[in-house]
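Annotated region 'Disordered' per TrEMBL: 1-20, 306-331, in sequence order. Residues annotated as transmembrane segment in TrEMBL: 33-55. TrEMBL lists 109-197, 204-285 with the feature domain 'Cytochrome c'. Here TrEMBL flags 122, 125, 126, 262 as heme c 1 binding site. Per TrEMBL, heme c 2 binding site is recorded for 175, 217, 220, 221.
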Ligand code: HEC
Ligand code: HEC
C-alpha cells in the first residue's frame, strides 16, 4: 500500500492502492445520507427490542419495557366492548318486557345477543334455524303455533323455567294414556282428530269419534281441538304436529303419550341472556303482541275450569309411568 494517497487520473478519485493486472481499486466512501440512515435503523432496532417483546429466551421472550402483548390487546378490546355493552345489558335486565319491542336500540341489541345465545344453547334441540325437528317433539319456533304461548312474556317464562323439569316453576302437564280404551274407539277418535286438520279420514268414524273426543280430550285440547296454552296442550286442528299426524303417530300418542322436556335456563344464562334469547325467538316470525288472541283466550278460560292438567285424576299415573321423563324423544 502506498504511503501517500494516490489519485486515479481518469476519475480524480483516491485509490485504495490495490492493483490487479494494472487495474486499480477506487476508494469511494458511502454517501453520508446512507450512512446516517443506516445508523438510525440500528438505533431504532435496539430501542425497539428494549421496549417491546423481542429476544427469545428458554421459555417465552423478553417482555419489553412497555409491557405490550397482543393477547393483552385482545383482552383490553374485549373489556372495552363489554363496558360499552354493560349499560345496554343493565337496561335489558330491568326494562318492562312489554316495552322492549318498542325500544329500537335496546331491542336490536337484545336480538343480536340472543342470536348467539340461541346458537350456543338451543340449536342442538330446536335446530340451527329454530325450525325444530318435525314430529320428534322439538317444536318449530318460527311459526305462530305455540304450545305455551307466543308473547314475549310467555316465551321468557318458558325459557327461564323450562318444561317438565325439576325447576319449581317449570311448566308442567301430562297427557294420560288411553290404552284402556277399546281399539275401535281409539280408531274413531283418531279419525276425528285427523278430520280437525282436514286430513284423510273416514267421515262416519270421525263423527262417532267426536263424542269420544268431547268426553276424553276436550278438557285439555279444547272442544274444537284448538289446544290450551295454560297446560301446553297442542292445537290439534292446525295440521302442525309435534309428534306426527299420521294415523299411527296419533294412535301411538294415545296409547303411550310422550312429553317434551326442556331444561330451565334462568340460572344458567342469567336474566339478560334469557331476555335476549327470548327476544330473538319472539322476533323469528311467530311472536305475538302482548294482547292475547281473544279466541284462544276463551278456549284457555274454558279449559282452565278443568281441575288440573293431570286429569283424569282417578287414573293416578306417575310421571315415570307416562314417559314424562323422555328427555330426548326419538322418532
Ligand atoms: C334438550 C332439548 C332442548 C333445549 C336445549 C332447548 N329446548 Fe326449547 N323445547 C324443547 C322441547 C322438547 C320443547 C317442547 C316441550 C313440550 O312438548 O311442551 C321446547 C319448547 C320450547 C318453547 C315453547 C314453544 C311453544 O310452542 O310454546 C320455547 C319458546 C323454547 N323451547 C325455547 C328454547 C330456547 C330459547 C332454548 C335455549 C335457551 C331452548 N328452547 C333449548 C327442548 C329443548
Ligand atoms: C291432561 C290433558 C290432556 C288430555 C286429557 C289429552 N291430551 Fe293430548 N296432549 C296433551 C299434552 C300436554 C300434549 C303435548 C305432549 C308433548 O309434550 O308432546 C298432548 C299431545 C297430543 C297429541 C300430539 C299432538 C301433536 O301436535 O303431535 C295428540 C294427537 C293428542 N294429544 C291427542 C289427544 C286425544 C285424542 C285425547 C283424548 C283421547 C287427548 N289428547 C287427551 C294433553 C292432554
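Glycine too: its Cβ is placed from the backbone N, Cα and C atoms.
Secondary structure at residue 220 (heme c 2 binding site), as computed by DSSP, is helix. Same-chain residues lying 6+ beyond the ends of the transmembrane segment (33-55) with a Cβ under 8 Å from its Cβ atoms: 61-66, 68-69. Same-chain residues at least 6 positions away in sequence with a Cβ under 8 Å from that of residue 262 (heme c 1 binding site) are, in sequence order, 125, 158, 162, 163, 164, 165. In this structure the alpha carbons, written CA, of residue 126 (heme c 1 binding site) and residue 175 (heme c 2 binding site) are 22 Å apart.
When DSSP labels each residue, the domain 'Cytochrome c' (109-197) comes out as 41 helix, 5 strand, 43 coil, counted as helix, strand and coil in that order. Looking at 122, 125, 175, 217, 220, the binding-site residues in this record, the fewest other C-beta atoms within 10 angstroms of the C-beta turn up around 125. Residues 175, 217, 220, 221 make up the record's heme c 2 site, and a Cβ search at 8 Å around their centroid adds 216, 218, 219, 233, 236 from the same chain. For the binding-site residues given as 126, 221, the lowest number of other CB atoms within 10 Å of the residue's CB is seen at 126. Model confidence over the domain 'Cytochrome c' (109-197) is summarised by a mean pLDDT of 95.
Of the residues the record lists as binding heme c 2, namely 175, 217, 220, 221, the two whose Cα atoms sit farthest apart are 10 Å from each other. When every Cα pair among 122, 125, 126, 262 is compared, the largest distance found for this heme c 1 site is 11 Å.
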